[in-house]
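According to Swiss-Prot, the features are:
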type: ACT_SITE; residues: 189; note: active site, proton acceptor
type: BINDING; residues: 53, 54, 92, 120; note: 3-methyl-2-oxobutanoate binding site
type: BINDING; residues: 53, 92, 122; note: Mg(2+) binding site
């Protein structure tokens, strides 16, 4: 048995994401952690596969992403990359792995050797030097602003960011700083719709929203969440795409279509 993908569709690359943004084509991203789902998500037309530290929640059972290790991310990145998907493969740098530019580079190299084509790290202005250091060394970077789960204890919980005038101004400064440093993509999580729209219109790089409204260049959800596999209360920004669908692939195709056609997220999924 092989999960190697044979697709006539061109591969999604970092320049392709930029071209999609400029053409007004929405980008559909989902988290992915193994070969089986990598093949399925790729067939369904997902543009970006994110090996997220959310695996600490949905696979390992932790209440936060903080216990996830670099080895964990590298292992799951290799599982996804072996499929050779058309989708771009992005891997999270876990908590505590990018305290200095040199440390971030060494750990990014490990993830890229495992098959990542881009790394994601959480933070704004304070990370500009690190982002620049990585980009200068041919490591494509996705930044993550707003509700950054690795900062859950600093935030005092999972809270919407950028609601105050000062908070929104800082988010705009962060966005400008990471773009100026060379980031090629940015995730905006749990950010008020109007603020996310302002960031999206200000930047030249694509923005990927999760609980950040419809104006972003694309959307991302945790795979398990969009399939309705979550314990307890469903997060506001999540829609269960499995409802009414005959298969997981049909559910993923429905998600991709909803993102591309701008029918997701709705106001009920935004702040």
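Here the Cβ of each residue, glycine as well, is placed from N, Cα and C on the backbone.
Recorded residues residue 54 (3-methyl-2-oxobutanoate binding site) and residue 122 (Mg(2+) binding site) have their alpha carbons 13 Å apart, per Cα-Cα distance.
When secondary structure is read from DSSP and collapsed to three states, residue 122 (Mg(2+) binding site) falls in the strand class.
Apart from the site residues 53, 54, 92, 120, the chain places the Cβ of 31, 50, 51, 52, 55, 65, 68, 73, 91, 93, 94, 149 no farther than 8 Å from the centroid of the site's Cβ atoms, the recorded 3-methyl-2-oxobutanoate location. Note: the Cα of residue 189 (active site, proton acceptor) and the Cα of residue 92 (3-methyl-2-oxobutanoate binding site) are spaced 15 Å from each other. Cβ neighbour count for residue 120 (3-methyl-2-oxobutanoate binding site) (all protein chains, 10 Å cutoff from its Cβ): 24.
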